[in-house]
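Peer 1: I have a structure here, written as structure tokens, and I will follow up with some questions on it.
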Ligand SMILES: C[S@@+](CC[C@H](N)C(=O)[O-])C[C@H]1O[C@@H](n2cnc3c(N)ncnc32)[C@H](O)[C@@H]1O
């Protein structure tokens, strides 16, 4: 599941080794790389609103409210990706900031799979979706993880401001500074931490055993690789400052150092 597949695909094709990573100062003014696409933005908002309305309107009949929570959490997540970028990092705002377009089939496919799993299990075996007993505690854990994950992701984007980019940076831009304050003092990659636990939490909310394991595995592999590559570039940009920051902070995703 690649939340910025274009960037990481390009990145993976790069044959540079750690020692010869290029530090290129990007001279391009932000205005040149920012596209204003109001039509696309309003149609996205319309689609999001319609999907939200349909699910909120239709699914109460199924008496499985978790699915409403899931859809609302998805809409909120993608809205905030755009809104926080527009507010705190306006030089990089673009319709892609919704993280909906160009995200790769895997991302859309993963959520579709999760919703289908939920509906199939609900239809064939409604008892397994009854939020009672142990399943109540699983669902509540999921809600807490999703809310905490969303909060941490949003605050990380706000704190990192212009140093945050959805696309992994291979060139150091002039205003790219090393962020070590706020949540970054406690988490080395707070936005990845937030996304990881948000997505896993949502599978607990849906009481989806299969998607829970698939999301955990795929996301862990994705972030493990992404963090390794990202840190090679961050060391090439910030040298010893990043190395000592790395020594003093943790990622807080299991088994990622
Ligand atoms: C999607 S953002 C994710 C930031 C960070 N990994 C996180 O999870 O909060 C990716 C960009 O953030 C930049 N970045 C990551 N950590 C940073 C830090 N501590 N200070 C400044 N820039 C950082 C990287 O250069 C990369 O281009």
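Glycine is treated like the rest: Cβ placed from N, Cα and C.
Note that the structure is a prediction, hence the values are computed from the model and not measured.
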Peer 1: Can you dig out which of the ranges 40-62, 155-177 TrEMBL describes as transmembrane segment?
Peer 2: 40-62
Peer 1: Which range is it, out of 108-125, 234-251, that shows up in TrEMBL as transmembrane segment?
Peer 2: 108-125
